[in-house]
Every structure is written in structure tokens, then in C-alpha cells.
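Presented below is the structure to which this report refers.
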Amino acid sequence: SDLRQIVATKSVENIQFLPFLTTDANNLSWLGYGCLKGDGTLITVNAIGAALQTLYILVYLYYSPAKRPVLLKVLLLLAVVFTGYGYFTILVDTGTRLTHLGLFCSVFTITMYLSPLADLAKVIRSKSTRCLSFPLTVTTFVASSSWTLYGLQLHDPYIMVPNVPGIITSLVRFWLFRRYQDKPYSPLPA
């Protein structure tokens, strides 16, 4: 939905970049965890997710009027990914690698789910959900719920625990949509 809006309007106005970036980092991290653990579900889902998020980032970059800040954030993401890859392959011994990578992935997942919270204060002050994406909220709720259940099934706290904030933040955003969706947009004072 956000991607269609960007392409249709040829603008990134009212589309947040941080969720695309954190989700891509999250997918790449979990892809590594899945490869290390040998979990085909984690590998497949996160390989597709990383490819799609990279596509979203490229489209966002293409239509963004301020390319430099977006490009700097992408380069920062790449630096973090390569640093993490180097850390886990060179510095961490094989016996604890899965545990360390699981913790690393958990932090990224929590960061991804908390990144849209930056706009909650703006939503409450403006009494408008214009800066929030309803399709992204629904997708986040479904994905975080699914991963929580998958983690429960595998008895894997690294999958289960960090997805709980996704459920909670989605419920908060659903409440905000219910409360402010029909309200007219009022710009914030400068």
C-alpha cells in the first residue's frame, strides 16, 4: 500500500522511511539466524522480506527529494549489517554464535516494532492518524502475532519474546486509528 502510494503520487510525503530501514535490517538479521539454525521457515520468509524491503528502500530513494539523508541511513544500515556479520563470523565462537545472534536479532526486532512510536506523540497532538499507515499496522499485528506463535511452537524465546512488542504497539495504533481517524487533520504549530 505504501509502495503503491509512493509510485502513484511520485512522492514520499507522509511515508515514513525508518520502518522500511529497520524492517530490512531485521529481515537480514533473522535470515542469518535462520541460516545458522537451519530453519527453512526463517530463511524463506526473511529472504523474501529482505528482498521486498530493499525494493521499498530503492523506490523510496528514487522518489525522495532529499536523497542524501536517505542514502546516509542506508549506508549506516549496511555498515551495521557488515559489522554484525564480521562480529558473528570472526569474533564469536561457534558454540555461542546462535545465542549471540538470537539476542542481536531480538534487539533489531524490538527496534523495528518500536520505530513507529516516534509518531504517536504527533498523532495525539494533531488528533490525526495521517502519518500512520493502517496497512502497515495490520501487517505488523499479523506478522508479530504469527512469529510469537511460531516461537512458542519451537520453544525459541529469541523468536517469541521480541515479537510481543509488535502486538502491543499494533494494538496501540489500532486504538489511535479508532480514536482519531474521522477527525480532520490539524497541522502542528511550528
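The backbone N, Cα and C atoms fix where each Cβ goes, and this holds for glycine too.
Given the structure is predicted, the values throughout are model-derived calculations rather than measurements.
As annotated by TrEMBL, transmembrane segment applies to 43-63 (among others).
Here TrEMBL flags 70-92 (among others) as transmembrane segment. With a cut-off of 8 Å between Cβ atoms, the residues of this chain six or more beyond the transmembrane segment (70-92) that come close are 17-18, 21, 24-25, 28-29, 32, 57, 60-61, 64, 100-101, 104.
What TrEMBL lists as transmembrane segment is 98-120 (among others). Among residues of the same chain six or more beyond the transmembrane segment (98-120), those with a C-beta under 8 A of the stretch's C-beta atoms are 16, 18-19, 22-23, 25-26, 29-30, 32-33, 36-37, 84, 88, 92, 131-132, 136, 140, 144, 156-158, 161-163, 165-166, 169, 172-173, 176.
As annotated by TrEMBL, transmembrane segment applies to 132-152 (among others).
What TrEMBL lists as transmembrane segment is 158-176 (among others). Remote same-chain partners of the transmembrane segment (158-176), defined as residues 6 or more beyond its termini with a Cβ less than 8 Å from a stretch Cβ, comprise 33, 42, 102-103, 105-107, 109-110, 112-114, 116-117, 120, 123-124, 129, 132, 137-138, 140-141, 143-145, 147-148, 150-152.
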Contact set, same chain, for the transmembrane segment (132-152): CB under 8 Å, 6 or more residues outside the stretch: 1-2, 15-16, 19, 41, 113, 116, 119, 123, 158-161, 163-167, 169-171, 173-174, 176-177
